[in-house]
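S.K.: Annotations for this protein, taken from TrEMBL, read as follows:
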type: DOMAIN; residues: A:81-182; note: domain 'CoA-binding'
type: BINDING; residues: A:Gly92, A:Val93, A:Gly94, A:Asn95, A:Leu96, A:Gly97; note: NAD(+) binding site
2 protein chains.
Amino acid sequence: MPTERSQRLSRAAALRLSLYLRCVAEWPADGDKVSSSRIAEAVGVSDAQVRRDLAALGHLGQRGVGYDARELAAAIRTALGIDRSWRAVLVGVGNLGRALLRYQGFRAQGFQIVGLFDSDPAKVGTEVEGLTVEPAVRLAERAAALRVELGVLTVPGEMAHAAAEALVGAGVRGILNFAPVVLKLPRKVRLVTVDLAIQLEQLAFQVQHGDGANRDDE
Amino acid sequence: MPTERSQRLSRAAALRLSLYLRCVAEWPADGDKVSSSRIAEAVGVSDAQVRRDLAALGHLGQRGVGYDARELAAAIRTALGIDRSWRAVLVGVGNLGRALLRYQGFRAQGFQIVGLFDSDPAKVGTEVEGLTVEPAVRLAERAAALRVELGVLTVPGEMAHAAAEALVGAGVRGILNFAPVVLKLPRKVRLVTVDLAIQLEQLAFQVQHGDGANRDDE
């Protein structure tokens, strides 16, 4: 149940919280308190922005003393909805799919890949990172048994629409799409599309504009 | 040479421009003009935000008529600094590196991977997507001949610091880092770190909060 407070969180604020969490999670367990200015510096936003965002999470820090890193990390996880684990299936066991399966970050943040699907008969039945690849056509019937909530789509662009439809049919509530296509999904299914070229564009922009590129501190 | 106008672009605005560009680039060549509300809907920001961002690029649209898609795309590319090609090397030819090499989006946006490097002797000398993998220790001496501006880092976390140092030594001006580590670089070298778990966190946040999650329309 989202609280009234967390419902007010904008997507931009949610993204900043994810970035703060990275900074705070690396804080040594026996370390001092974390200051907002330290977080601001690591993430590249203004000190005032960090204080505003964290104030919205409740009474966490003390003026001039800073935040307890573990308490702050827990509060951010709760606000983002990652204070529990999420079960996901991955569709498309190519290079990117395999890279994501080996990616430690997913498990560390509570995301569990519990099923692998591919439409290539040569891949079906093979084992990857401890899971057996199943035929994509079986996605819908397997979803209930796997208790799937999220889908990760790492298929080529021309197969993305069919694979997304299969995931919707399987009842997932959200899709993380790596295919370079615009997917149209029913309103109740959330979509985050990762466009890797955008990241490279942002780097080019920063290189081009050097120190003149203003920091994102609203 | 950045113009005075483009220097004022914040990182958040640059990211929105990248997203607008995706929407506009898919517009049919013989199509009608693009309206700000159409872009706003596709990207998930407010109509007012789109109009503000595009107004900052100069005199592009006419009230009530919309924007010429090709003219708008060209203006966005210029503002972002991707109206030219960028030469990059990739360090770490594992699953993720291979996936990125096959990723059509990089070339489409003007990014050329011109060299591959890896420290694994079993990979050195092999050919991947038309390029021969070279030993990572040769990065610095090869950089000038390859005329490298950017580096893409797809090595495991424990090798990221050494690989980043090699890229800095090779004179790159920006690094796109996929390793789940915080890199400290000289100020003159720009860094964009892609944390794939963050994307999944944002999806979980949107699923958790349903339609209550406010759109990022500042």
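Even glycines carry a Cβ here, placed using N, Cα and C.
Note that TrEMBL annotation is computational and uncurated.
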S.K.: Filter the binding-site residues A:Gly92, A:Val93, A:Asn95, A:Leu96: retain a residue only if its CB is under 8 A from a CB of chain B. Output in sequence order; output 'none' if empty.
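M.R.: From A:Gly92, A:Val93, A:Asn95, A:Leu96, flagged as close to B: A:Asn95, A:Leu96.
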S.K.: Using DSSP, tally how many residues of the domain 'CoA-binding' (A:81-182) sit in helix, strand and coil.
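M.R.: The breakdown for the domain 'CoA-binding' (A:81-182) reads 37 helix, 29 strand, 36 coil.
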S.K.: Tell me the Cβ neighbour count for A:Gly97 (NAD(+) binding site), meaning other Cβ atoms within 10 Å of its Cβ, over all protein chains shown.
M.R.: 26
S.K.: So what sits near A:Leu96 (NAD(+) binding site) in its own chain, CB-to-CB under 8 Å and at least six residues off in sequence?
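M.R.: The list for A:Leu96 (NAD(+) binding site) reads A:Thr154, A:Phe178, given in order along the sequence.
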S.K.: Pick out which of the binding-site residues A:Val93, A:Gly94, A:Asn95 has the most other Cβ atoms within 10 Å of its own Cβ.
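M.R.: Result for the most crowded candidate: A:Val93.
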